[in-house]
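Visitor: Have a look at this one before I ask anything.
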Amino acid sequence: METHSQQQVRVLCSRVPEHAGHPVTVSGWVRSIRHLGRLAFVQVRDRSGVVQCVLEGELAAALPNPESVVTVTGTASLSPKAPGGVEIHARELRCISAAAPLPFEINKETIAARLDTVLDHRVIALRHPRLHATFRIQSALAGAFREGLRRREFTQIFTPKIVASGTEGGSNLFPVDYFGRQAYLAQSPQFYKQMMVGAGYERVFEIAPVYRAEEHNTSRHLNEYVSLDVEMSFIRSEEELMDLEQELLGSMLEKVAAECESELALLGVDLALPSDIPRIPIAEAQRILERTYGKTSPKGDLDPEGERLLCQHVAEKGKPSFVFVTRYPRDIRPMYAKPAPEDSALTASFDLLCNGLEITTGGQRIHDYDELVASIRGRGMNPDHFTGYLDVFRYGMPPHGGFAIGLERLTSRLLGQSNVREASAFPRDRMRLTP
């Protein structure tokens, strides 16, 4: 129960059955109104659920619009026909904030509006049960990520989002005027993750926004998204990173399944993780696509159709489809990617695909100072532009690596959404700066 004043105690809608036969007060949004003669049946929704309120006479005659915020006081009564088996026989309804007519109906099974319209009126749309469930699940995913890493002795870090240079050598950056100096929005916490590993924390993670000034305007891309970043030291190879991510995802999905049972049931989603995620080198993945689907791929990489077909190839019926793709060529990976031990033209790196979309990029990093400087020069960049980053490598840096999961992509793939914008409360893409 929640106290609003000395005279009034609020009961959450889901807790009303516990007060059957007693006076209760609920506060929330008017979900729906149905008239039957002199009676009105008003469903009130709060963060916990919905309760039906029965009003008659004058109370039933002058009701606020749907989605108005109200407080209802009355007597709780068990009623098998009512939603949740209980209703409130109201003696008072007070309108706290009246709602204007809605831009679209939100009490249907789905919202009958285009995605752009839904995003234009995002706050209203998020009151729809299915959309509301998305961000309950996303919150649980982020919480389970944090909890799983803290159990494994990782330290959460908080790194700058205004930086002097990009982690990928200056591409896809949003410029910022920093008191007359050129700065950028961070496209990744990569350098700072590595620096904190080298500072002795050994295992670190961050949950924070990143920014990509990419011109893409597709269902797969956002220009601002939340990155779940991990970095750990004293690894022998990138295999340990894939082991960690598989274990972590397993514990995350178990936690979400337990915490969000009703939300997952509403969306018809099963979060079972395959017992063992396949690990396929990129060259082999391309051969599989060519042999099985007649699909040719770009040099050393997969295009969106290739990602979809590869996930289709490894899919287990009724389960999310995951596959690690490994051994990407060095020329399409960042300068800090460690060369593969068997072939210096390849890297000890990987992507994780989920239901046809890349959700993770990771790998082992170069930890030797001279090798890293040579790699920077080999990309046509000046090591002097990276002195703050390089310093830690001069004073003892352990073997290390990490990965980053795109939270919106992970959410949208798990929930079967066709557009990553559906998994962002207030998406930022090439065309959208509001709301």
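Cβ from N, Cα, C; glycine included.
Where the annotation comes from TrEMBL, it is an automatic prediction and has not been curated.
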Visitor: Which one of Glu153, Glu284, Glu342, Glu358 goes with Arg212, Ala213, Glu214, Arg220, His221, Leu222, Gly406, Leu407, Glu408, Arg409 at the ATP site, as TrEMBL has it?
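Guide: According to TrEMBL, the candidate sharing the ATP site with Arg212, Ala213, Glu214, Arg220, His221, Leu222, Gly406, Leu407, Glu408, Arg409 is Glu358.
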Visitor: Looking at the candidate ranges 190-193, 246-249, 422-425, report the one that TrEMBL labels region 'Aspartate'.
Guide: 190-193
Visitor: Let me check the 10 A CB neighbour count of Arg365 (L-aspartate binding site). How many other CB atoms are there?
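Guide: Excluding its own Cβ, Arg365 (L-aspartate binding site) sees 27 Cβ atoms within 10 Å.
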Visitor: Between Thr361 (L-aspartate binding site) and Arg409 (ATP binding site), what C-alpha distance do you get in Å?
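Guide: Counting only the Cα atoms, the answer is 12 Å.
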Visitor: When the Cα-Cα distance from Glu358 (ATP binding site) is computed for each of the recorded positions Pro83, Arg212, Arg365, which gives the smallest value?
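Guide: So, of the listed recorded positions, the one sitting closest to Glu358 (ATP binding site) is Arg212.
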Visitor: Could you give the residue numbers and ranges of same-chain residues that sit at least 6 residues beyond the region 'Aspartate' (190-193) on either side and whose C-beta is under 8 angstroms from one of its C-beta atoms?
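Guide: Beyond its ends, the region 'Aspartate' (190-193) has Cβ neighbours at 157, 159-160, 167, 204, 206, 229-231, 334, 336, 386, 388-389, 402, 404.
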